[in-house]
Amino acid sequence: MNIPTWLDALIAAMLLIGAIVATLGSLGLARMPDFYMRLHGPTKASTLGVGCTMLGSLLYFSTSGEGIRVQEVLITVFLFVTAPVSAHVMAWAALHRRVHCSANTRHPPWPEMDRAPVTEHAASSAPAGDKESAD
Amino acid sequence: MTLLWIPLLTLLGVLVPALTARRGRGFCTLATVTLPAMALLLTLSQVPALLDGELPRVALSWIPSLGLDLAFRMDGLSLMFATLILGIGLLIILYAHFYLSAGEPYGRFYAYLVLFMLSMLGIVMADNLLLLWIFWELTSLSSFLLIGYWSHWTDARKGARMAMTVTGAGGLALLAGFLLLGDMVGSFDLGVVLSSADVILADPRYPVMLVLVLLGAFTKSAQFPFHFWLPHAMAAPTPVSAYLHSATMVKAGIFLMARLHPALGDSELWGWLVTLTGMTTFLYGAWFALLKTDLKAILAFSTVSHLGLVTALLGIGSPMAILAALFHILNHATFKGALFMSAGIIDHETGARELGKLGGLRRAMPITALLTTITAASMAGVPLLNGFLSKEMFFTETLDTALLGGLGWLLPVLATLGGILSVAYSLRLVHGVFFKPAKEVPPKSPHEPPRLMRAPVELLATLCVAVGLFPAALATGILDLATRAVLREPLDFHLAIWHGVNLPLVMSLAALAAGITAYGLHSNIRHFARQFAPIDARLVFEGTIQSLVARTQTLTHRLENGSLQRYMSLLLGTALLLATLGLVELPELAGDKPTQPLDAMLVLGSALMIFAALGTAITHRYRLISLLMLSVVGLVVSLTFARFSAPDLALTQLSVEVVTMILLMLALFFLPQKTPQESSASRIIRDLVLAGTLGMVVASLNYAVLTREIDSIAGFFIANSVPGGGGHNVVNVILVDFRGFDTLGEITVLALAGLAIFKLLNRLRLFMPHSDGEGRVWSPDRYPMILTTVSQALLPLALLVAAFIFLRGHNMPGGGFIAGLVTAVALILVYMARGVEWTQNRLDFPYQPVAIGGVAVATLTGLGSWLFGRPFLTSAFGHFHIPLVGDIELATAMLFDLGVYLAVVGATLMILANLGKLTTPHRPTKEAPAVSRKETPAPPSEEAPLILDTEKSQRPSKEKA
């Protein structure tokens, strides 16, 4: 194991950043006030956090004598491809369901969007409104 | 080999009528007669060999592991019966030629008749108990066809069913008896069985076996109390009755008793059972023959009675009794065959069978009257006819037997009583039809039948007289051979008409005189009998059968009431019981093997799995959440496989998990998102207790198994994987090579399941929720851009991965099954992202041929090894050098794996794509009303869910508005 110190430091930094971002993402998932904000946490954690960790791993194993490793690259690529898709579909579903958002959320997609928790009245009025507009 | 030709010719004879039926009736009859006639000649050609004391025999091995050989013998008994079967059978065919009316399908009738002939021949010639039993069952089947020949008539169907049920049930008892017998002797070979009487009689299971065998014989030969099927079988056309109930079917039971007499007959039990049953039947049948008014019913009950007589003789079992029994079999076949045919002629020419409607026919049909009188006199036992001889021998034997001890005088008295009755009913038959003045005009004007239709009757009646006059010259030869076969030693006897004035003669004469008197008092007897409520055997039988059916249905409904919970609880309860019993027997739970050390990952993984499993159960009323929990369980399971060095399993589990989740999601669409609470508290407690205990027991069982050294076959597979299968991936080599046949079966089942689901989903119309659980209609946006783009980009990559997994399968984790699932998942992703319609425009082929083709490729690969003279599914492998690529190993197993791959892809897509398609096509849309089904009233704003949507339109509701 003859990894130069600077590289060692770089790898350590990568792992550390990855870990911090993952922790922050998890915290965000747990603590953010509404769904739309909570969605930000895991997306950052799965892209930036896992990405940094993978990069660290890639550097470490590629320089420790077994040649260039591609597994990490592949994992990262697949993660980068799939994470946005799932986040996008989730956000989209939330918008469709008109999941309520907190007062602090900026730029609501439509002005009448509920800012209070969904009530029975609000839920049952949705199809009626839709039917009206359809007819 | 000549012997083999006798049944074989008859077997071929079954096809002849079917083939020649179109050529006209005369030709068909002639052609049908040919092969059985040749068989009869062949049978008779065996006589010289038999006279020399030989035993012609042929045996071919059939299923040696069961002790079943295709073995035939031709001893004297077989010869006698085979001659009867073929000879009378030929006469019957000739008779049926005239009897059946023009419109009836005579080809079918002849075919059934020859089939029946074949099965009877098989019984009498079989030299192996199991073979005998097979032919025995074949007679039940073919007689069912014959009795029910007029299937448009409910009596025929019921009679056929009754005969089939009774004789079939007897056949099962017989099989049980034969199996016991074979077990006692150690062989099913008839020769061995017949010469092991000592072993059989000494065996403690002898009584059980005897009762079972006799049950078979008694049901077949219509002995009391199983006699009731025979009168109802009279619903058959008369040629059938004449054949089945004079010479063949009912004689099969008699034959069996005669055949097995050397082996089973030398015991008190045999004597009591057989003689008493025979005597009871003899009297019972005779009494009812006297009371019946239908010609065929009289004959049917008289047949029952005479069968009882023969049975009683066989029960007495002395050499002379056996001789008398065999002689009476011959005589009964001749006179009863003739009488049945006469009854048929009368029925045919007058249109009536009731004694009340007939009378005075001697003027219209004098020759038939003469023939019937002769044969009926023979049945009554009038001197100078053959029936007299054997009946007198019967009287002699009842006098001589020591069977009943102090009550020994009872037998001759009962025999005389039976004789009186038989004289009375014979007299009544003849007098009532031909001599008594007619009460009413028969439906048709009576006249003599065609010359050739009468010919069989004439022949048989002549035989009656000839044998009656010259018994020594005509009957001694064949009876000598037959008794030698039963007694296994020659018997010194001579048949004569006159034995001087002795007790049997007095009995005969007394029976004659009393019989005539009894007929004179007939009206009084009938008046007396009318006091008893008649029992209709058919009603009793049908009632019994129906109550049996009702009872079994009640039981079935109790066990199988359509409740899945009930099935599961029964199944799990049984498993619990068995596993608990096994576990309790263990001295201690833990075995000798040390457990593996526990690390953080294991703890975390198992905690996650337990949490998710509990979550699945707890949230089961919220289906989506429950499903997500279930997928967590699946993922952790696949991680567990990976952790414990089973990469193949891990890969399979992962891909199966994905496919299952998609399938469940699709199914979920049709279900409500929440279910109400349906189970009562007590039920929940029952389920919890059951599930909890079963979980604990199974866990303990696993622990017990895993902590013990097990001598499994894994070592063999690991050692032989490379040398035997040419692959380093043992799992894959097991799948495609060692256990290739199993895999072939599995992919066949998979493809069939796919086809079945495809067929079931075809045109299925399910309820389509138009909104989610909270009443929101489905989203109008169908195909999210990002998903569409990514899925298209991923498709080639995923296919590449599938190809990679497939190719490395033989040596590294992978294989056709996993590759197939990966391919299917990749394609399903495209379906989800772009909709069924878009995708099917591009994947322009049905999936059914893919799945079937996969099974075909695998099967053909297996068959290919036959070309090289190897067993099915032998695989070959070798190393090849390919330029640029280098050394490469190819195995035929890979071709087999390709079949697996195709079958999996085809079946999975067939299921998923069709289930997905189901959510769309019949759904009305607002913007294309022409597409919508008129009969589907649906809310106008109904929309499909996000996934698997075919409608290409982006429903612009504003536009429409």
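The backbone N, Cα and C atoms fix where each Cβ goes, and this holds for glycine too.
Sequence annotations record features per position, and here TrEMBL assigns compositional bias 'Basic and acidic residues' to B:949-961.
Taken from TrEMBL, the feature domain 'NADH-Ubiquinone oxidoreductase (complex I) chain 5 N-terminal' applies to B:63-110.
The domain 'NADH:quinone oxidoreductase/Mrp antiporter transmembrane' feature in TrEMBL is assigned to B:126-400.
Residues or ranges marked as domain 'MrpA C-terminal/MbhD' in TrEMBL: B:608-673.
Here TrEMBL flags B:786-909 as domain 'Na+/H+ antiporter MnhB subunit-related protein'.
Taken from TrEMBL, the feature region 'Disordered' applies to B:922-961.
According to TrEMBL, the feature transmembrane segment maps to B:132-150 (among others). Outside the transmembrane segment (B:132-150), and at least 6 residues removed from its termini, the chain residues within Cβ reach (under 8 Å) are 108-109, 112-113, 115-116, 118-123, 126, 156-157, 159-161, 163-164, 167-168, 171, 174-175, 178, 190, 216, 220, 233, 235-237, 240, 244, 248-249, 252, 256.
Taken from TrEMBL, the feature transmembrane segment applies to B:162-186 (among others).
Sequence annotations record features per position, and here TrEMBL assigns transmembrane segment to B:206-230 (among others). Beyond the ends of the transmembrane segment (B:206-230), by six or more residues, the same chain brings 136, 139, 159, 162-163, 165-167, 169-171, 173-178, 180-181, 184, 200, 245, 249-254, 256-257, 260, 264, 267, 269-270, 273-274, 277-278, 280-281, 284-285, 300, 303-304, 307-308, 311, 537-538, 540-541 to within a C-beta distance below 8 angstroms of the stretch.
Nonlocal intrachain contacts for the transmembrane segment (B:270-290), taken as residues 6+ away from its ends with a CB within less than 8 angstroms of a stretch CB, comprise 210-211, 214, 218, 222-224, 227, 257, 264, 298-299, 301-317, 401, 403, 411, 414-415, 417-418, 421-422, 424-425, 428, 518, 522, 525. Positions annotated as transmembrane segment by TrEMBL: B:270-290 (among others).
According to TrEMBL, the feature transmembrane segment maps to B:297-316 (among others). Through the fold, the transmembrane segment (B:297-316) approaches residues 218, 221-224, 227, 230-231, 233-234, 241, 245-246, 250-251, 253-254, 257-258, 261, 265, 270-286, 288-289, 322, 324-325, 328-329, 332, 336, 339-340, 343, 355, 379, 391, 394, 397-398, 401, 403, 418, 421-422, 425-426, 428-429 of its own chain, all at least 6 residues removed from its boundaries and within a Cβ separation under 8 Å.
The annotation transmembrane segment is assigned in TrEMBL to B:459-479 (among others).
Within the chain, the transmembrane segment (B:499-521) has long-range Cβ neighbours (under 8 A, six or more residues past its boundaries) at 290, 380-383, 388, 391-393, 395-396, 399, 412, 415-416, 419-424, 426-428, 431. Per TrEMBL, transmembrane segment is recorded for B:499-521 (among others).
Among the features that TrEMBL reports, transmembrane segment is placed at B:567-586 (among others).
Residues or ranges marked as transmembrane segment by TrEMBL: B:598-617 (among others).
Sequence annotations record features per position, and here TrEMBL assigns transmembrane segment to B:684-706 (among others). Beyond its flanks by at least six residues, the transmembrane segment (B:684-706) meets 565, 569, 572-573, 575-576, 579-580, 582-583, 586, 589-591, 593 of its own chain at Cβ-Cβ distances under 8 Å.
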Reported mean pLDDT - the domain 'NADH-Ubiquinone oxidoreductase (complex I) chain 5 N-terminal' (B:63-110): 88
Residue numbers, six or more beyond the limits of the transmembrane segment (B:598-617), whose CB comes under 8 Å of its CB atoms: 625-626, 629-630, 632-633, 636-637, 639-640, 643
